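J.: What follows is a single structure, and I will ask about it in a moment.
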Amino acid sequence: MTQDQLLAGLKKDVRSLLVSSKHGLTPEHLRRDYQSMLGFPMPLRLLGFRNVLDMVKEMPEVVRLEYQLDGNIILKAIGDDTTKGIEELVSKQRDHKPKPNNRKGKPGYFNISYPRLQPVILPRRGQAKPALPAHLRSQLKQLLSHGPVRLSELESRYVAQFGKPLNVTQYGFFSISEMLSAAMDFIIMQQSRTGSQLLLRSAVTPQNQPENLMRRFSMQSTSPKQRLAGFSPKASSLPERRPEVSLDPSSVSKPEPVKEEQSFEETVFKLEEELRQQILEKGTAGTVSQELKEKLRKVVAENGNGISIHNLPTEYQRMHGEELPVSQCGFLSVTEMVGALSDTLAIQRGTDESESHWMVVEFKPIDTQPCEPELSPGDGTTSSPTGELQNPSSRAFYFSCPESAWEHEETEPLTDSQESDAELRVANKTIHQMVNLFPELMVSRVSAVPLDAVRCQKLKPPVHRKERELLPVLVEQTESPSYFYIRFSQNKEARALENMMIEMRSCYSYPDVAERYRLPDAYVRPGQVCCVAPRDMWFYRVVIHEVFSETEVKVYYVDYGDITKVERHSLRFLKACYADLPAQAVPAMLAGVRPITNIWPASAVSCFQRLCCERTLVAGVHSYQEDFLLLFLCDTNTEEDVYVHLALIQEGHAQPCSAAYGLVSEKFNPVTSYFGYDQLEDVKESLSPFSCSPDAEIDSQGNDSPSSCRTASNSESGETNLASIDVDPNLDLPPLEVINVPDVNTAAKSENVNPFEALVRKDPLFNSEWDQGWTAEDKTDETKFELDVSTEQSKPETVYTPSPVQAAVGKQQLCASPVEPKVNATTCVNPHNPVPIQINCSYPVLPGVPVYPVKPPISQFMMQLLGNPVYQGPGPNTAFQHLTSPLALRPAARMSAGGQILHWS
C-alpha cells in the first residue's frame with residue numbers, strides 16, 4: 001500500500017470517528033478511539049507525522065479545530081455529501097446527563113439543588129496569595145507613570161509598552177483583579193465617566209525629567225558666554241569703567257572662564273548621577289521605598305565589616321521592631337532583594353573559606369577617590385582650577401572613557417598628501433596633465449583576494465561512521481546501485497548545513513560582497529574550493545571538477561554529490577567560516593547485490609531510484625571500501641519494512657552476492673581527489689586596480705626613476721613593474737589593442753596633425769594585415785616604453801625611446817595577398833607543468849595567471865598614427881599608411897574618428 005492510499009484511508013476513518021461524536025473529540029480521545037475501533041494504532045510515523053495535531057494540519061478538508069474555555073483543543077469533523085444523513089442523526093441525540101442523587105431524608109429535610117456550572121480547571125496553589133514580583137511592579141510603575149490607564153485598556157497598553165502580553169497566570173494569579181489587589185500598596189482604582197481608571201498612589205518622577213536635565217545641561221553649558229558678557233551692558237553704557245574692572249585685583253584673581261569650565265564638568269557628573277538614579281528607579285530597585293533603603297543602610301552601617309546575609313533579617317527586626325518585607329516588595333529571597341539594591345548595598349564574599357558565606361556591606365563607589373596632594377586646590381589662583389577640574393573628571397564616566405579608535409584622526413597622511421600636492425604643482429606640465437588624463441587607471445599592490453577566502457585549502461572529508469550503525473539518510477544522486485551519494489539527515493551536521501546555506505544566501509546576495517568574492521581566472525583550476533548559485537537563489541559549496549571551456553566549468557557539489565556545468569563568472573570565493581563543516585555527500589554502494597550482467601541496466605537504475613529517492617531511509621553501515629560506504633538501505637515509511645537490496649532481487653534486477661562486492665577502483669572518488677588536510681599549489685595573486693596618486697610620481701622623480709606605473713608581473717622575484725607611458729594631454733584616446741610592428745622611433749610630434757588621418761583613407765592595400773594585427777595571438781607581445789621626465793626648463797620636449805620588440809613583423813606578413821596569419825612559435829607543454837612564457841624577453845609569466853593592464857599601452861603602430869612618423873627601417877613602409885575601409889576599424893577607433901568617417905566614399 002502506498003502512502004497516498006494509506007493517507008486516504010486514514011482520512012476516511014478519522015471523519016467517521018468525528019462525525020459520530022456530537023461534541024467532538026480531543027486529540028488523545030481520537031487516538032484511543034481509533035485504536036479501539038480498528039485494532040491498531042494510527043499510522044502517524046509511517047506518514048511522517050509526529051503527533052495527531054501534525055496529522056490534522058494535513059487534513060483541512062476533514063477536521064477543524066475549536067478551543068474550549070479551559071484551553072483544550074476539540075477536533076470536529078467537516079462533513080461532505082456522504083455524511084449528511086449521519087450528521088442529522090447525531091445532532092438529534094440527547095446529551096448524557098448524570099443521574100441525580102435522590103436521598104430520602106427524614107421529615108423536615110429539604111433538598112435544595114443549585115445549577116452546577118462546569119468549573120474551569122486552573123493550576124492550584126496554597127492558601128496564601130502570591131506577592132507581586134519585583135520586575136512586574138517596576139513595569140506597572142513605568143506604565144502608570146505616563147498617566148491614568150483605564151482598566152479595560154491595561155492589557156493592550158502593556159503589550160504596546162513592553163512588547164509581550166500580560167499573562168498573570170504565570171505569576172500565580174487567577175485574574176487581573178487578583179493581581180491588582182496584590183498591588184494596592186502603590187496602585188489605586190478610581191471611578192470616572194469612562195469607567196475604572198488605574199493610577200499610582202504616590203507621585204512619581206515625570207518621564208520627561210531626562211529631557212529637563214538635558215535642557216538644563218545645555219543652558220549651563222552655554223552659560224559661560226552669557227556670564228562673561230554680563231558686564232557688556234555696563235561696558236556699553238559706561239565705557240570709562242572698563243579700566244577699573246580690568247585693574248580690580250578681585251576680578252583678576254577669580255577669572256570667570258575657569259570657573260565656568262569647572263561647572264561644565266560638575267554638570268556632566270551631576271547629569272550622569274541623575275541618569276543613573278533614573279535607570280535604577282526604572283528597574284527592580286525602584287520597587288523598594290527610600291525609607292526601607294535607609295533602614296537597611298543603617299543596619300549594615302552598624303557593622304563596620306559588613307553583616308552576614310543570613311543575619312540581615314534578624315538584625316533588621318531587632319533594630320526596627322518589624323520583619324523585613326521581602327515578599328511584600330516582590331522578592332523571593334533576601335539575596336535577590338540585596339542584589340536589586342545595587343545603589344545602596346553590595347554583596348561580597350566572606351573572609352572565611354566557605355563559599356556559601358556572603359557579606360552585605362554598604363555600597364561605596366570606587367571612582368570617588370581622593371585626589372593627589374599636588375593636585376589639591378590651594379590658595380593660589382594657579383593650582384585651584386587644576387585641582388577642581390581633576391576631581392569631577394575622575395568621577396564622571398564621560399571624561400574617564402578612553403578615546404575611541406573611530407575618533408582618532410591621523411594627521412600624518414594628510415600632511416604628506418598636502419606636501420605631495422604642493423610638489424605636484426611645482427612639477428612639470430606633462431606629469432600634471434597625465435594625472436588628470438588617467439585618474440583611475442593604475443594598479444595597486446594590494447591583493448584582490450579577500451583575507452577570509454579559501455584559496456588553496458581543501459575541505460574536510462565526510463565523517464566516518466561506525467560499523468553496524470543505523471542512521472537516517474537521504475539518497476541524493478544515483479548513478480547505479482553500486483554508485484550513488486547519500487547525505488545523513490536529522491543530525492547536528494544536517495542542521496548546521498541548513499543554517500550555513502541560509503547564512504551564505506544572506507551574505508552573497510549583496511552585490512558588493514558578490515563582486516568582492518568573485519573568483520579570478522587564476523584560481524579557476526581543478527580542485528579549487530568555491531561556491532556558486534545555479535539559479536541565483538541558494539549558494540552551494542562546490543569544487544571545480546573540470547575547466548570545460550573559457551566560459552563554463554564543471555563543478556562537484558560537495559554536499560549533494562551532483563556534477564553540473566555552471567558559468568565561469570558565477571563562481572565565488574568560499575569564506576573560511578563556511579569551510580569548517582565537513583563535506584556532507586558520501587559516496588556509497590549498496591551491499592549484498594550485484595548486477596546480473598556486467599553493468600546495471602536502465603530498468604534496475606530506475607527501480608532503485610523509485611525505491612530510494614525523495615524519502616528518508618534507514619541505513620545500516622557495513623564497512624568502508626576505499627572511502628566508499630557499503631551499506632544496506634531499509635524503507636520504514638510503509639506498513640512493512642522494505643529492504644532495497646531484497647526488493648531489487650525480487651524484481652529480477654540484481655542477484656545476491658557477498659556484501660563487499662564492488663569495483664571501486666573504476667569509479668570517481670571525490671574523497672581522495674578533492675578532500676583532505678593538504679593544500680593545492682599557491683597561485684601568484686593578481687593585483688586590484690586603484691587610483692595612482694601623485695605621490696608615487698613625485699617619489700619616482702626624487703629617486704631618478706621614470707615617472708611611470710608598472711604592470712608587468714615578475715614570476716621570479718614577485719615584484720611588479722609597469723611600462724612607462726606618456727600621452728599628449730590634448731588627445732582623448734580610446735582604449736586600443738596592441739599589435740606587433742617593426743621598431744619605429746618617433747622624433748617629434750605635431751599638435752596640428754589629425755591623428756586619424758590615415759584611418760579614414762580608402763586605399764585598399766592593408767586589409768588582411770590589419771586583421772592579423774588585431775588578432776588575440778598578438779596581445780601578449782606588448783611593447784615596453786621608458787619615459788624620461790624632467791622639468792620644462794631642462795627638457796622642453798618629451799622623447800619616446802622604445803625598446804626592441806620580441807619579434808619583428810616580416811615582409812611576408814605585410815603582403816596584400818590573403819595568407820595564413822603567422823602564429824607565435826610556442827611549444828605545446830603539459831598544463832600540469834607550467835613553463836614561463838617570455839613577454840618582451842624580460843618578464844616571464846606563468847600561463848593562466850592574468851596580467852591586468854593599467855591603461856591601453858601605445859604600440860609602435862599607434863605612435864606612427866598619433867605623430868609624425870620617422871621610419872628607420874630598410875625601404876619604404878607603405879603598409880601602415882593605407883586602410884581598405886573604415887568598417888574594418890574597431891568600434892573604439894571608429895568612435896574616435898568622429899564625423900570624418902561619414903565623408904568616406
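For all residues, glycine too, the Cβ spot is worked out from N, Cα and C.
Residues or ranges marked as domain 'HTH OST-type 2' in Swiss-Prot (evidence: sequence analysis): 128-204. The region 'Disordered' annotation in Swiss-Prot covers 219-264, 368-393, 694-728. Among the features that Swiss-Prot reports, domain 'HTH OST-type 3' is placed at 288-364. Look at Swiss-Prot and you will find 379-393, 700-723 tagged as compositional bias 'Polar residues'. If you look up Swiss-Prot, you'll see 523-581 marked as domain 'Tudor'.
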J.: Which residue counts does DSSP yield for the domain 'Tudor' (523-581) in the helix, strand and coil classes, in that order?
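T.: Per DSSP, the residues of the domain 'Tudor' (523-581) fall into 8 helix, 25 strand, 26 coil.
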J.: How does the domain 'HTH OST-type 2' (128-204) divide up by DSSP, counting helix, then strand, then coil residues?
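T.: Per DSSP, the residues of the domain 'HTH OST-type 2' (128-204) fall into 34 helix, 14 strand, 29 coil.
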J.: For the domain 'Tudor' (523-581), what is the mean per-residue pLDDT, to the nearest integer?
T.: 92
J.: Which numbers of helix, strand and coil residues does DSSP report for the domain 'HTH OST-type 3' (288-364)?
T.: 28 helix, 12 strand, 37 coil
